[in-house]
Amino acid sequence: MRKPDGKIVLLGDMNVGKTSLLQRYMERRFPDTVSTVGGAFYLKQWRSFNISIWDTAGREQFHGLGSLYCRGAAAIILTYDVNHPQSLFELEDRFLGLTETANNDCLFAIVGNKVDLTSERDTEGGEKEGPASGKVGSCVSTKVPKQVQPEDAVALYKKILKYKMLDEREMPAAEQMCFETSAKTGYNVDLLFETLFDLVVPMIMRQRAEESDQTVDIASCKTPKQTRSGCCA
């Protein structure tokens, strides 16, 4: 198996839909019931690069494994449920600390899933026009008002950049990195992953260039062979 060129990791509390998001994108289906034990991953070829996407368990007993899966990650998808504010708070309280093992220039996406269960948006049409934005659809009486607003995710994103001591001017804008999705309908799922792929690829190329510059030509550094001079009798 070819070694991945980059890594993306999904983090978040249990039941926010991390596995469903990944399976919706990779397998084009919505699983009825699924629970990740420990971790699982897919390989996605994007352009000429191989990117691994890691799904992690949100259960407390598997919490410590998160930092292991985040090691060397180029991007982290922090996932919450738009209908449960506590799942957004948990990202900062429980999961942000697990990202210490990620790359120093790691990207962060804040993703509010299960937007199909709210009364504020029509998500039946699949992909829409952009992250953290969308046209207001007709209200459905069986749905509930959204409990977490896009501006809450934007605030968390900016807080993460400060926590990581990353220059906000050098990182993608919050509006580009905060998404609302529905794994059930596919709303914004392709947009989420492919936005990250397009951002991660230049990072991979830059890392390869830096590694190439640091490569030393051992042959050119060999000490010239000395010849022993002899004495004439």
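Using N, Cα and C of the backbone, Cβ positions are placed for all residues, glycine too.
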May I ask you to indicate which of 14-27, 28-41, 168-181, 182-195 is given in Swiss-Prot as motif 'Switch 1'?
28-41
List the Cα distance (Å, whole number) between ASP116 (GTP binding site) and ASP55 (Mg(2+) binding site).
22
